[in-house]
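Peer 1: So that we are looking at the same thing, I have put the structure below in structure tokens.
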Amino acid sequence: MSNVYLMTRAAYVKLSRPVAKAALRAGLTPDIVTLAGTAAAVIGALTLFPIGQLWWGAVVVSFFVLADMLDGAMAREQGGGTRFGAVLDATCDRLGDGAVFAGLTWWAAFGLDSPSLVVATLICLVTSQVISYIKARAEASGLRGDGGIIERPERLVIVLIGAGLSDLPFFPLPWTLHVAMWVLAVASVVTLLQRVHAVRTSPGAMEPLHPANGEKPETSEP
């Protein structure tokens, strides 16, 4: 992950601390903030992107993605999050990503009538879910499945900037959405392959799935 992202995240963590404390004093919990932020982002993506309001869609989703990150700051103020909170956060991230790409796919198909853009957005939709699943499934098996040239923060930055600029008020740049989605599609496929390779080369990856000592074998699902 880039140093720029790490520096930006560190600054956000510092700035969000007073807001996190205020939210906790108001009786909110990290899980409530996670659910509220995700619901708002999903609604924004599925109502604005499909009708071509890409600028406002990008603004709304960006705002609530940042708001959703507040749950982590709140958890830190409480001394750390819970296992359920981590699972809920990851689940909501997948829902948010899916809504963004689903909304853009709809606009590409029925608003722009662009088969090539539909293909790109569908690739991004599928790979965004599979990339995360590879990591979760690998970790559940005690293997390493992280890394790759692009992760969720970079993915969101690329798609939201591309979408926003394509519908920029007074000076739209329609080509930016096509470029952003194809760059993201290619990078996502590469990341998927990198994670599969990371799992394949992890220590113990080639051990038998069904133990010979009669222990219960792993299932194919985490």
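Just so you know, glycine gets a Cβ as well, placed from its N, Cα and C.
What you are looking at is a predicted structure, and each value in this text was computed from that prediction instead of being measured.
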Peer 1: May I ask you to find which of ASP68, ASP113 Swiss-Prot records for the Mg(2+) 2 site already listed with ASP89, ASP93?
Peer 2: ASP68
Peer 1: Whose Cβ, among the binding-site residues ASP31, ASP71, ASP89, ASP93, has more other Cβ atoms within 10 Å than any of the rest?
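Peer 2: The residue with the most neighbouring Cβ atoms within 10 Å is ASP71.
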Peer 1: Quick one: Cα separation, VAL33 (CDP-1,2-diacyl-sn-glycerol binding site) versus ASP71 (Mg(2+) 1 binding site), in Å?
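Peer 2: Computed Cα spacing between VAL33 (CDP-1,2-diacyl-sn-glycerol binding site) and ASP71 (Mg(2+) 1 binding site) is 6 Å.
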Peer 1: Indicate the candidate from THR34, THR82 with the smallest number of other Cβ atoms within 10 Å of its Cβ, considering only these binding-site residues.
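Peer 2: Across THR34, THR82, these binding-site residues, the one with fewest Cβ atoms within 10 Å is THR82.
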